[in-house]
Amino acid sequence: MRSFILACADRVVEGATLGAEEALRLAEARGADLHLLFAEASRIRQHFTGNSASLCSIINAKSGRCAENCAFCAQSAAHKTDAQVYPLVDEEEIVRCARDAERNGARCYGIVTSGTGIRPGAELETICNSLRRIRSETAIAPSCSLGILDEETARLLKDAGMVTYHHNLETSRSFFPSICSSHDYEQDVETIRAVKRAGVRVCCGGIFGLGESFGQRIEMTETLRELDVDSVPLNFLNPVEGTRLEKADFLTPLECLKTIAIYRFMLPGKSLSVCGGRETNLRELQSWIFLAGASGMMTGNYLTTLGRKPEQDHQMLADLGMGVGGCS
C-alpha cells in the first residue's frame, strides 16, 4: 500500500487523473498507511493550492419551512425540529453580517436561504440590493446559496455583484434517492451548468455520513470533476433531533480525514473547504484537516448549528504555520 500511495501522489502532482478504482484502493489504507495518505494529500494540496487557507462565513438569511424532504435537514417542513423559522431578513441585516464576517477574517460570505429556489420578486430584489452594497461597502467576496437556479437569474445575481454560487449535490447520483425524493438529482446538476453558463464561479460539494458507501463518495468526485466546479465544500453529518437521520452515528475523525484526503487525490487543483460538522465529527483532530489535504474551512456558525469562535480558527492556522488566503 505504501508504494501505491506514493506512486498515486507522484502521478497526481505530475498532472495525471486518478480513476475510481484507484481511489477505492487508496481508501483501504489503515494505520501507518493512512498517515502516509494524509501526508501525500497535504503534499498535493501545497503543490496545487499553496499553504494558505480560505475562510468563509454564511448568514442563514431565510430559515425553515422548506418544501424539500432532504433526510438530514433541520429546515425541511417534513421534519419537526427546533430550527428557527423566519422570512428573508432585510438588506441591513445581510450587509451587517457581511461586515461582521469580514471583521472576523472571512474572505467569502454566503447568503443562504431555505426553499427549493428563488423567483423574481421582492426577495430577489432584496438579495440583489444587498449584493451591491456588500461589493461597495466591504472587501469580502459575496456568494449566494438560493437553491435551484436558472441561467437568467444567475446573470441577474452576477450583475448585482455575486462572485460565487453555492449549490451542493449533497451525495452521489446513485445514493441521492435514499436522501431526497422531492426533486431530481439532474435538477441540481442543471443548476450547476446554468450557473457556469452565466460565467459565475461554482461552489459545489456534499455531506458525508448519510449512510453512503465510500464508493459513493468517490462517485460524487467524478461528477464534480465532470462539472468542473471551482470549490468543493465538505460537510459531515451532525444529526439533528427530529430529522430522518437523527439517530445516525457520527463519523470517526479518521474517517473524515480519509474522505478529505481521497477528495484531494481526486480533485487536486480544487479548493476543498471543510464546513458543517467539523467540530462534532473531528473533535480534537480539527487541525488535521489541512494535513489531510483541505485548503479552507467555514468559520463562525452554520445554518442551524453553532460553530466555534473565529479566533480559535485563526489560532489554529497560526499554529500550523498557515496564512489566510483569498476566496477560492
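Each residue, glycine too, has its Cβ placed from N, Cα and C.
Over in Swiss-Prot, the protein carries these features:
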DOMAIN    48-278  domain 'Radical SAM core'
BINDING   C66, C70, C73  [4Fe-4S] cluster binding site
BINDING   S143, C203  [2Fe-2S] cluster binding site
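Features per Swiss-Prot, on structure.
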| residue | record | Cβ neighbours (10 Å) |
| --- | --- | --- |
| C66 | [4Fe-4S] cluster binding site | 23 |
| C70 | [4Fe-4S] cluster binding site | 25 |
| C73 | [4Fe-4S] cluster binding site | 25 |
| S143 | [2Fe-2S] cluster binding site | 25 |
| C203 | [2Fe-2S] cluster binding site | 29 |
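In the predicted model, residues of the domain 'Radical SAM core' (48-278) average a pLDDT of 96. Under DSSP, C66 ([4Fe-4S] cluster binding site) is assigned to a strand (E or B) in the three-state scheme. Taking the mean position of the Cβ atoms of C66, C70, C73 as the [4Fe-4S] cluster site, the remaining residues of that chain whose Cβ falls within 8 Å of it are E68, N69, F72, A74, Q75, S76, A78, H79, S114, C180.
C203 ([2Fe-2S] cluster binding site) sits 19 Å from C73 ([4Fe-4S] cluster binding site), taking the Cα positions as reference. When secondary structure is read from DSSP and collapsed to three states, S143 ([2Fe-2S] cluster binding site) falls in the strand class.
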